[in-house]
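Here is the structure we will look at, set down as structure tokens.
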Amino acid sequence: MNQSEREAAKRRAAERAAEAVEGGTVVGLGSGSTAAHAIRALGREVDAGLDVQGVPTSFQAREIAVDEGIPLTTLDEADVDLAIDGADQIAGTDLVKGGGGAHAREKIVDAAADRLLVVVDPTKEVDVLDDPVPVEVLPDARTPVADAVGRLGGRPELRRADRKSGPVVSDNGNLILDCDFGAMPDPVGLAADLSALPGVVEHGLFVGFADEVYVGTETDVTVFEP
Ligand SMILES: O=C(CO)[C@H](O)[C@H](O)COP(=O)(O)O
């Protein structure tokens, strides 16, 4: 699957998931290029009269939703019925997320939702997760967390900005360590170990999160409950 086929597959999956949104509901708005397609599709539905409110998971999701005219709310004011979000990798119900550095708020909103619809292209599906795990850390915790990740068998790398000499700063003002653990046959244990480190705000292992998976193929969308 080349890049343009992947982009088409992402769009197909996202637009199909957006069709699952019913009127009168509150929707978690995921981050990344695939979730952006879902937000735009939802925007078109809102234009056509659908009554929904969105809870954005990032600066990016909020900007697109505002642009699309989707009414917004917060977790303080509403319960989330359903969230639509992308992933960097998926194995069963487990995900690696955080390619866009938004995993802290994504995890809060996705966990609060009654149902999480994960939208991906087929290259994201794997048997065993092995993508580097993004770990958002308070700036003061960067070195102690990097050392602890090394003791857990991972190789941490500070995420750097493309067009600025310096680190990527998350929407929450923190730094991101991309931690390569190789294949992760026990994401439950690793997730618990990472969560226990002082200074870790959130990591990108979403264990047991996916309720429904929408995989865009070259011509269609496969939907399943893992
Ligand atoms: O977790 C995320 C952002 O933090 C994204 O959902 C994930 O990186 C997938 O992005 P894309 O849909 O652009 O491939």
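Cβ from N, Cα, C; glycine included.
What TrEMBL says about this protein:
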- Ser31, Gly32, Ser33, Thr34, Asp85, Gly86, Ala87, Asp88, Lys97, Gly98, Gly99, Gly100, Lys124: substrate binding site (BINDING)
- Glu106: active site, proton acceptor (ACT_SITE)
**Item:** Lys97 (substrate binding site), number of other Cβ atoms within 10 Å
**Value:** 31
**Prompt:** If you count Cβ atoms within 10 Å of each one, which of the binding-site residues Ser31, Ser33 comes out on top?
**Reply:** Ser31
**Prompt:** Looking at Cβ-Cβ distances, which residues of the chain lie under 8 angstroms from Gly99 (substrate binding site) while being 6 or more apart from it?
**Reply:** Gly32, Asp88, Pro134
**Asked** What does DSSP say about Gly99 (substrate binding site): helix, strand or coil?
**Response** coil
**Distance from Glu106 (active site, proton acceptor) back to Asp85 (substrate binding site), taken between C-alpha atoms, in Å** = 8
**Prompt:** What is the number of other Cβ atoms found within 10 Å of the Cβ of Lys124 (substrate binding site)?
**Reply:** 24
**Item:** Cα distance (Å, whole number) from Glu106 (active site, proton acceptor) to Lys97 (substrate binding site)
**Value:** 9
